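Working notes, beginning with the structure itself.
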Amino acid sequence: MTPGELRRLYLIVRVFLSYGLDELIPQMRLTLPLRVGRRLLFWMPNRHADKPLGERLRLALQELGPVWIKFGQMMSTRRDLFPPQIADQLTLLQDRVAPFDGALARKHIELAMGGPLETWFDDFDQQALASASIAQVHTARLKTTGQEVVLKVIRPDIRPIIKADVRLMYRLAAWVPKLMPDGRRLRPREVVREYEKTLLDELNLLREAANAIQLRRNFDGSPMLYVPEVYSDYCRESVLVMERIYGIPVSDIPTLEKQGTNMKLLAERGVQVFFTQVFRDSFFHADMHPGNIFVSYEHPEDPCYIGIDCGIVGSLNKDDKRYLAENFIAFFNRDYRKVAELHVDSGWVPRDTNVEDFEFAIRTVCEPIFEKPLSEISFGNVLLNLFNTARRFNMEVQPQLVLLQKTLLYVEGLGRQLYPQLDLWTTAKPFLESWMRDQVGIPAVIRALKEKAPFWAEKLPELPELFYDSLQQHKLLQQSVDKLTNQMQAQRVRQGQSRYLFGVGATLLVSGTILLSGDVEVFPAWLIAAGIVSWVIGWKRTT
């Protein structure tokens, strides 16, 4: 380790110990060297013993800085790995840091654009509009049209910080299986690898621009969701330029109510937007926390969401969507056998899983949920319970489903914050059932024919030739089979003859040997010689 890494590791250890996070390690895992080491660090006592463990973990991550804050935010979505009291605290982590100097932002933008800022923009505001751990946002106007825009620029110093902290995370991850009872199940190195990929994706703003363009296209003209326009000609890997929007933060309930917003419709549209993204488009915004969602000032009686920050998106393939929709419908129909079979058929759990045992486990965990009124049942917790039960039956972690679960929890929490009486199932069920009918009915057949029509139109002129080639190949195959059959029959005949000759040879050898013990001298020698000849001929037949 470099001196810089050693200093950073010392700081991490000091912060962890000052918040008493050594309590995460069970006493039975504290070996003698660890106990001695902890006592030697007596000047690092737990200074927050009055606070619960989950809160202490959150405060420690906040003190360690933006990379660790984002790591905690990601881990808050992995409720299969942590008890609720810790996961709930991690969701409270705020990705807010002081902005860096606007003059430095201007210099970084000019470096990325390859010229003076005034070439493309007017009225650039060096005071940041918003600031987070990875990037910050400034306002300006396009020189050509006067359109108000925002420029999102990556922090110049963030890459080396991320690389250094991620390297330390890998080193610490190697110790987790040794120190924690569930260490192997947590798969710490995979968790760090997933986090590293997420961070690197967020550092490439061209990826975010492409995501925003796709999402905007999917909801073009929709009254439910508006996505600001991206000006891709001005975008670079470290700079994103998009339309500036004005809206009410979705978490600002008093302002929404004062505006006269139809809160019931707004909450229901949040659910509809989510299921439309997942099942219609197979492309969903996976970072839909309140800081990224606004509500348009226009038409409060017919409210429209505004979505920003498309750095993290998820997608489901056709099979995942179908299995997920069928799982939801089967669960709310309390058909646990169907739920178990769907998990096996989808490959989410191994094929050799005992379906009866799996069904019983799902029933045991999920049946108590129906003690509540249907309107109070949490979709996100349903999904969480299903996945946690499935993991006991060796379900592999599905990254796309983890993202989906996280987003669903966001959407559900947001919807009930806006309108506490929101019945998520009543809102979602018609959509899911309609989507399922569309997938298996006549429209699905017609759609499949349309999709395949260009392929068959291209192949149609070739069909006679393909048919002739197929007949020729069948003929050649039949000839090969006949030849092989004849060879096998000839081989069986030779094997039969060989066995006969071996038997005759053995008889002659035994007879000659017996007669040699008598007074006859020449005749037995001939018998033995004949036996040897029979053996040689039989051996030749076999080869």
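Using the three backbone atoms N, Cα and C, a Cβ is placed for every residue, glycine included.
Keep in mind it's a predicted model, so treat the numbers as computed, not measured.
Pulled from Swiss-Prot, these are the features on record:
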DOMAIN    123-501  domain 'Protein kinase'
BINDING   Leu129, Ala130, Ser131, Ala132, Ser133, Ile134, Ala135, Gln136, Val137, Lys152  ATP binding site
ACT_SITE  Asp287  active site, proton acceptor
TRANSMEM  498-518  transmembrane segment
TRANSMEM  519-539  transmembrane segment
Largest inter-residue Cα distance among Leu129, Ala130, Ser131, Ala132, Ser133, Ile134, Ala135, Gln136, Val137, Lys152 [record-listed ATP binders, Å]: 14
Cβ-centroid neighbourhood (8 Å) of the ATP site, Leu129, Ala130, Ser131, Ala132, Ser133, Ile134, Ala135, Gln136, Val137, Lys152 excluded: Pro99, Ala128, Val153
Binding-site residues compared (Leu129, Ala135) - the one with the fewest other Cβ atoms within 10 Å: Leu129
Cα-Cα distance linking Asp287 (active site, proton acceptor) and Leu129 (ATP binding site), given in Å to the nearest integer: 20
Integer average pLDDT (0 to 100) for the domain 'Protein kinase' (123-501): 83
Cβ packing number for Ser133 (ATP binding site), 10 Å threshold: 21
Cβ neighbours of Val137 (ATP binding site) where a neighbour is any other Cβ within 10 Å: 21
Ser131 (ATP binding site), number of other Cβ atoms within 10 Å: 17
Spatial separation of Asp287 (active site, proton acceptor) from Ala135 (ATP binding site) - C-alpha basis, Å: 15
Conformational class of the residue listed as 'active site, proton acceptor' under the three-state DSSP mapping: coil
Mapped DSSP class for Ser133 (ATP binding site), helix or strand or coil: coil
Between Ser131 (ATP binding site) and the residue listed as 'active site, proton acceptor': CA-CA distance (Å): 17
